[in-house]
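What TrEMBL records for this protein:
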DOMAIN    A:11-69  domain 'P-type ATPase N-terminal'
TRANSMEM  A:40-57  transmembrane segment
TRANSMEM  A:63-85  transmembrane segment
TRANSMEM  A:263-286  transmembrane segment
TRANSMEM  A:306-332  transmembrane segment
ACT_SITE  A:ASP380  active site, 4-aspartylphosphate intermediate
BINDING   A:ASP380, A:LYS381, A:THR382, A:GLU482, A:PHE523, A:LYS546, A:ARG580, A:THR660, A:GLY661, A:ASP662, A:ARG772, A:LYS778, A:ASN801, A:ASP802  ATP binding site
BINDING   A:ASP380, A:THR382, A:ASP798, A:ASP802  Mg(2+) binding site
DOMAIN    A:824-1078  domain 'P-type ATPase C-terminal'
TRANSMEM  A:858-876  transmembrane segment
TRANSMEM  A:888-908  transmembrane segment
TRANSMEM  A:937-957  transmembrane segment
TRANSMEM  A:977-995  transmembrane segment
TRANSMEM  A:1007-1030  transmembrane segment
TRANSMEM  A:1050-1071  transmembrane segment
REGION    A:1128-1151  region 'Disordered'
Amino acid sequence: VYCVSKKTINNGKMTLFNNSIKTSKYNFFTFLPLNLFEQFQRIANAYFLFLLILQLIPQISSLAWFTTVVPLVLVLAVSGVKDAIDDFNRHKSDKHVNNRPVQVLINGMLKEQKWMNVQVGDIIKLENNNFVTADLLLLSSSEPHSLTYIETAELDGETNLKVKQALTVTAELGEDLQKLTEFNGEVRCEAPNNKLDKFTGTLTLRGEKYALDNEKMLLRGCTIRNTEWCFGLVIYAGPDTKLMQNSGKTTFKRTSIDRLMNVLVLVIFAFLGLMCLILAIGNGIWEHDKGYYFQVYLPWAEGVNSASYSGFLMFWSYVIILNTVVPISLYVSVEIIRLGNSFYIDWDRKMYYPLNDTPAQARTTTLNEELGQIRYIFSDKTGTLTQNIMCFNKCSINGKSYGISSGMGRESELSKAEKVDFSYNPLADPKFAFYDRSLVEAVRLNDVPAHRFFRLLSLCHTVMPEEKKEGNLVYQAQSPDEGALVTAARNFGFVFRARTPETITVVEMGETKIYKLLAILDFNNVRKRMSVIVRSPEGDLTLYCKGADTILYELLHPSCNSLKEETTEHLNEFAGEGLRTLVVAYKSLEEDYFQDWIRRHHEASTALEGREEKLSELYEEIEKDLMLLGATAIEDKLQDGVPQTIETLAKANIKIWVLTGDKQETAMNIGYSCNLLNDDMEDVFVIEGSTSDDVLNELRKKMKPDSFLDSDEINIQFEKSSKKQIIIPDEQANGVYGLVITGHSLAYALEGNLELELVRTACMCKVVICCRVTPLQKAQVVELVKKYKKAVTLAIGDGANDVSMIKTAHIGVGISGQEGMQAVLSSDFSFAQFRYLQRLLLVHGRWSYIRMCKFLKYFFYKNFAFTLVHFWYGFFSGFSAQTVYDEWFITLYNLVYTSLPVLGMSLFDQDVDDRWSMLFPQLYVPGQQNLYFNKVVFVKCMLQGIYSSLILFFIPYGAMYNTVRSDGKAIADYQSFALMAQTCLLIVVSVQIGLDTSYWTVVNQFFIWGSLSVYFAITFTMYSDGMYLIFTASFPFIGTARNTLSQPNVWLAIFLSIALCVLPVVGFRFLKAQLKPTPSDKVRRNYLIKPEILLSMAWARWGAALHRLGSAWSVSPGQELATAIVPSKKHRNPSGGGSVEPQALNTSLLH
Amino acid sequence: GKKNYKADGHPSGGVGVPGGGAVGGGGGGAVKTRKPDNTAFKQQRLPAWQPILTAGTVLPAFFIIGLIFIPIGIGIFVTSNNIREYEIDYTGTEPSSPCNKCLNVSWDSTPPCTCTINFTLEHSFESNVFMYYGLSNFYQNHRRYVKSRDDSQLNGDNSSLLNPSKECEPYRTNEDKPIAPCGAIANSMFNDTLELYRIDNDTRTPITLIKKGIAWWTDKNVKFRNPTGDGNNLTALFQGTTKPVNWPKPVYMLDSEPDNNGFINEDFIVWMRTAALPTFRKLYRLIERKNNLQPTLQAGKYSLDIAYNYPVHSFDGRKRMILSTISWMGGKNPFLGIAYITVGSICFFLGVVLLIIHHKYGNRNTSADIPN
């Protein structure tokens, strides 16, 4: 390769890859061994392999090989085929990607090459709409100032255009192939890593060093947009690219049911071992007492010379027979159920948001049932509770406040105010609304501070303008706040029109001015401010800065003190209304000082080590003694239905913690407006500053004085258990409290030894709001609750700053909204609006949980009932590991006869329908308390299974003991007994599933009746003459079905078994529903019997919801409830009819 | 009962957006949206029957089941009680028993040890009488015993005849010759001979015992077949095989009638249908009712002649001879009748208890106090 640029990698020896990628796992020859190896790493599969090996030992083999092989092969084949298809697709896409063409500069000529042949150091040419081949250093492009626009949807999911710019020195190369060929530089860069937003490197060209950062990089996975062509130098190729480095393994989340299931499987294994031991000992004794003498007719097996050895062998034989207590189909079925229930989430029209055409999405398909067990929700505020559509709403300029807030229920006030007319400004954005004329007048009267204020807003930002048609400006903003501010400036006559790396074009009151952009001091979470340094056409050097008030107030010149006070007042007022505020300031710069500063800035920005620290030092140096200009207030409207959702979730006993980066006042105000905090609360505590544990103690003293007594249960528990494993139980405070804690105090509490105290206090409160928290703190808080409360947590957020918390919580939910896709990409479930959360939890979560619990209960029951019959038979067959059933029945029982009905139940069952789930959030509580499936329930299933197995053995036993057929011939033979027992069993478990199914759809009917019919069909087929004559050795049961099932006493025994197995369950359930009805029992009974109740209930709730809504809007913190808005009946029912269709009412109510 | 069919409840309209209002349901547009389909299946609105356990369904169910089970039980019980059954244990363990002398008989004792047991029938047996032999403590259901046979051989497969399955070990070959029929089941075939005489004024009248028609039709005609080959001479067909170790004579000499000889000998077939439990009875002979005027077996004295060939004493086994009539539901078995009566009564009783509980406690919950 004639590449003229060189690349050295910092850490010595490192192989450089070419650009081909390989995401596939197998090839044609390695597939079978590798895939099988992987599959047998799963414990369940390995267990069945072990069983299979046992079965191959002739002395032990108690079942034909096919009983294990058929299910195992089926399971292996299904997952094998799935893996094969996946891998085939990966092969295909690898091949497709690797063979994409790209133009590579070779020998001064552009030659078409395949992607996979591109190597580090190559210079390649990309054209509009091309995918970026590898991680490239942008050299030059067709656009002015060698700008290149890219879309990063494939990389991070964000769809707004981003701009990259080449170094001036490389931009000169243009598309001159000769120059490009002669380009000879040295790039030094960091080792490949997965940080998408960071790159550090230097380019040495003709002895000069130039700094390289992320702004000059085109990453693989991006698409070139609005750019005719560009040239790039390959820095990282193939697996080294950031895209490929990012496609690492994801951490698997497991549900609590999963963990419980693993424990139970171990318990079952122990139980299995115990049963086998008992039977083995029994066999030893039997062989000693009876078998030894029975040798006249049945000699001991070859090699067996003592009763104890026979017992030992029989232990393993029984392991084989009784293995069906843990059937392989359990795991497969669980996966299928979860997948099915995930599809329902994807398909739900009530979680589809038409405005941006977004359906809900279950991105992880293995966590559904945990959605029904959530106890804590951690929510982001901006973009999650609010729309994240920012409107410039108010401002304070030079101590004067402008603007009337819209929204928040003040429609009366609004309607009086007139929308300001911006028609004097041809470039104004027609969608922008402002309601205070005085500000326009101030601008038109050339008020200097007002002009400076809007000039600042039009200059100090990172927004990209797009002007496809003359005068039709569209702003591409990465943060909606910035977009709102720039749009405001535009409407007031300071139109930001164009941007180049070195200039900003602004149309100021109709006059086009070009500012030289000298430096951008960018925003980050620590600095919480950004600045620009510009030179005006008149030659003035000015620094414009905007940022958070707390930060900026420290940087102001002392001369602004009086203005500062006035502005503070306004800021508090704005924040009190729930507006997001920013403070803006400026500073004129001296020419000499600036020249010195910019030189140092250049040095610092080309440094390879400690670049960021050096830069931030420089930034701090210049951003001081600022002159205060004023403040902006941006409104972020609440999303639809947030207060109702929060109220519903609170009724479902879910605690909601809001974790936000906003400041305390804003956060609290949002808290009030979305009904988290309200005046019914005893008190709302605010913890700020580095308050010590005394405060927390004090709070607890107030909420629950008893909790300090030594006699308090929890204190006793703390004493006993070691610090690490403490689980704080739920405590009831003596009232409803709210807690607001700032990030600062939180950091203090997390660092110190106050974790426990914090969690204990916070969990006594109904609502916790953490404000000013960093992304890391968000994750820490979630971790804290996970650790000390052992509760199922859910984190919901929309921005990159929520990713860590989404990943930490048991369930992460991403809101696909304004702030890019990063939260969604790392989430388990995603949808567009916060209010869909109640449907996700109360409907889908609840159903998934109940279905999974019902499934597990039934599944364990049916396998216990099935397997334990062998145990009882052992006592009557000399503990010889003789099976009760036909081997074919054993093979097909779990696979064919009983799999579909239980799957049908687990996919379709609804104890109450979605409307009732939402109307009665209390129905959610049993899930949180883990009531439907836990160890106790499991033991109950086991006992029921044992009882059923006793019935299923002893009823056929009694019915055929010493008796004969109605024609005098034999019926007490083994084959008839087997058929009778298995028919009893199958009918009993089918009736049981019928009893468990509370929602009989056509599919359920079909599955249950179908399975029974299939059983009889298969049985009669397998026991037919034809099958016997063809496969004599495999189907010895010939004629049994015909001869036995025609006997009346067989059917009498079957009905007796059904009655004995099912009636106690019916009686027990009926009694339970009578004496201790669950909420779901009550709802079911009442609603199925008296549907008209729905109507009245709906009325009541509708009224209450509006009532609360009204109070939330009209009451600010601390105030008494002024008027309760109870809508009149007419208002509620526009059609005017006396009776309203309940469904219609609910559909409108529940959205 | 309270059963409701839930109709498709939700109107098919789109998602309402309160406040927004700008966007309609969306559905009909030409633009392809990602809006999920509005099918009952995908929206989980499939019409369904939702049964619930209410007092109105559960209590009547208990009563009705009780009321059905009790009469059935009584019917079965009476039927079972009307069956005549007579049983003699002829093992001979008691020293006073006539068969005591044969207790330690061995397989190959010739001539066979014989003994006679006299007994009296108190009641006459009106309809057809079935004669069974019963064995106790005999584990025909032991796993190794159950599988110790070769169904292909018994089905007349010639290659299996000469090369029996490994399952038959250790009764697969004897002196390098394949055993026909092989296996432990065949080897241990019951070979006592039972003969019944009516004693009328000291004259012994033999009672005709029919030995055909005692096996399942499918067994006799499908499952068991003699080997095929040239001619019908069973001796030739079984050429190259040897008799089971315990047997006195080969399989082709079990009976003189060709359609009851070899593998299709009915005594053999009956034995080969292994019992489910260690105590069992197998049909031995039929006694048909001659005419309508006389009962099949009159009340009176009878004697049972036993050719005692089958040793069971070594493992504490017992042997019985049973004479029984049968009913529509088979042989005498009081269990089902008693079970039905008991279950029916318990059901009825539970129904009453549940009714009381429902009256006492149920009402306070049935009111419309839905939690909210």
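Glycine too: its Cβ is placed from the backbone N, Cα and C atoms.
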Top Cβ-contact partner of the transmembrane segment (A:937-957) among A:40-57, A:263-286, A:306-332, A:888-908 (pairs under 8 Å): A:263-286
Residues of the domain 'P-type ATPase N-terminal' (A:11-69) by DSSP state, where helix covers H, G and I: 27 helix, 0 strand, 32 coil
Least buried by Cβ count (within 10 Å) of the binding-site residues A:THR382, A:ASN801: A:ASN801
Mapped DSSP class for A:ARG772 (ATP binding site), helix or strand or coil: coil
Interface check, the transmembrane segment (A:888-908) with the transmembrane segment (A:1007-1030), three or more C-beta pairs under 8 A: yes
Cβ-based contact of the transmembrane segment (A:1007-1030) with the transmembrane segment (A:977-995), 3 or more pairs under 8 Å: yes
Cα-Cα distance linking the residue listed as 'active site, 4-aspartylphosphate intermediate' and A:ARG580 (ATP binding site), given in Å to the nearest integer: 15
Of A:63-85, A:306-332, A:977-995, A:1050-1071, whichever stretch has the most CB pairs under 8 A to the transmembrane segment (A:263-286): A:306-332
C-alpha spacing of A:ASP798 (Mg(2+) binding site) relative to A:ARG772 (ATP binding site), in angstrom: 17
Overall pLDDT of the domain 'P-type ATPase C-terminal' (A:824-1078), taken as the mean: 92
Same-chain residues at least 6 apart in sequence whose Cβ lies under 8 Å from A:ASP802 (Mg(2+) binding site): A:ASP380, A:THR384, A:PRO775, A:LYS778, A:ALA795, A:ILE796, A:GLY814, A:ALA823
Alpha-carbon spacing, A:GLY661 (ATP binding site) to A:ASP798 (Mg(2+) binding site), which is rounded to whole Å: 13
In three-state DSSP terms, the structure that A:ARG580 (ATP binding site) belongs to: strand
Non-local residues, at least 6 beyond the ends, that sit with Cβ under 8 Å of the transmembrane segment (A:977-995): 858, 861-862, 865-866, 869, 883-886, 889, 893, 897-898, 901-902, 905, 948, 951-953, 955-957, 959-960, 1008, 1011-1012, 1015, 1019, 1037, 1040-1041, 1044-1045, 1050, 1053-1054, 1057-1058, 1061-1062, 1065-1066, 1069
Positions whose Cβ lies under 8 angstroms from the transmembrane segment (A:306-332), at least six residues beyond its ends: 42, 44-45, 47-48, 51, 54-55, 57, 59-63, 68, 71-72, 75, 78, 265, 268-269, 271-272, 275-277, 279-288, 291-292, 300, 859, 863-864, 866-867, 870-871, 874, 879-881, 883, 890, 893-895, 899
Residue among the binding-site residues A:ARG580, A:ASP798 whose Cβ has the most other Cβ atoms within 10 Å: A:ASP798
Between A:ASP798 (Mg(2+) binding site) and A:PHE523 (ATP binding site): CA-CA distance (Å): 20
Other CB atoms within 10 A, centred on A:GLY661 (ATP binding site): 24
A:ARG772 (ATP binding site) CB neighbourhood, other CB atoms within 10 A: 23
Distance [Cα-Cα, Å, rounded] between A:ASP798 (Mg(2+) binding site) and A:THR382 (ATP binding site): 8
